[in-house]
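Student: Take a look at this one; I'll ask things after.
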Amino acid sequence: MKPHTYSFFGELFASRNVLWQLVAQQLILRYRRTALGYLWTLINPLLMMSIMALVFSTLFNADLKTFAVFLFTGMIPWNFFSSVVTQSGTSFINNEGLIKKIYLPKIIFPLSITSALLIDTVFSFFALFIIILTLGSPLSWAVLFIPIAFLLLFLFTLGIGLITSIATVYFRDLQYVILIIMQALFFLTPILYKPDALKGKVAWLITLNPVVPFIDLFRAPLYLGSLPSQSSIILSILFSLV
């Protein structure tokens with residue numbers, strides 16, 4: 001590693017207490033003055049997923065057991081990605097006062113948002129596991145791949161969040177453009193449908209969507225009971241490290 005790389009990680013490590021405070025602040029503010037407090041991180045996704053599974057399985061006339069797992073192995077990673085990208089966009093702007101007062105590695109702000117949302121996402125997966133066990137859906141050894149999937153998704157999403165946070169400083173309107181892009185990208189991501197459902201002239205849009213291989217990292221172990229495809233793993237690693 002080069003000296004400046006050591007310096008970067010050294011500064012980040014030195015600021016770990018500030019990072020933890022920022023993460024804790026986001027989590028505390030989200031659930032303060034509620035009777036159940038942080039239990040809502042488990043209760044909320046559990047209730048929402050149960051309702052959505054019943055509604056969508058009825059609308060699509062699909063088997064509840066399989067459709068619930070299919071839907072949420074796409075929905076949960078997507079919600080994490082989308083939330084980080086949209087919230088990170090204004091992270092420098094919202095913390096402008098703190099940035100001017102003390103020196104901190106700038107990455108600490110999108111990193112705190114990504115970390116806080118990752119904690120929420122992990123709880124959402126706990127809720128999903130409860131649903132899977134309740135419905136009696138089978139689980140295979142491939143679920144051991146999920147921690148690796150989380151790591152790759154975290155790195156990729158943090159990188160995109162950092163890009164949007166920097167870009168929004170120079171182009172304030174970008175925060176609204178990002179919302180529109182996320183809405184469009186949602187329908188171009190195989191969450192409610194399988195990747196091969198898009199055919200003809202629009203099929204190529206799936207291949208250009210960088211979120212798709214990350215969805216497969218979660219969906220393959222939990223829905224198909226197998227490891228993700230080799231191409232999904234390779235693409236996810238490349239997107240996470242570039």
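Positions of Cβ are set from backbone N, Cα and C atoms, glycine also.
Bear in mind that TrEMBL entries carry predicted annotations, made automatically and left uncurated.
The following feature annotations were taken from TrEMBL:
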type     : residues : note
DOMAIN   : 19-222   : domain 'ABC-2 type transporter transmembrane'
TRANSMEM : 35-60    : transmembrane segment
TRANSMEM : 66-86    : transmembrane segment
TRANSMEM : 107-133  : transmembrane segment
TRANSMEM : 139-162  : transmembrane segment
TRANSMEM : 174-193  : transmembrane segment
Student: With the transmembrane segment (107-133) as the reference, find which of 66-86, 139-162, 174-193 contributes the most Cβ pairs under 8 Å.
Tutor: 66-86
Student: Which residues of the same chain, at least 6 past either end of the transmembrane segment (66-86), have a Cβ under 8 Å from a Cβ in it?
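Tutor: Distant contacts of the transmembrane segment (66-86): 45, 49, 52-53, 56-57, 60, 110, 113-114, 117-118, 120-121, 124-125, 128, 131-132, 135, 137, 149, 153, 156-158, 160-161, 164, 175, 178-179, 182, 185-186, 189-192, 211, 214-215, 217-219, 222-223.
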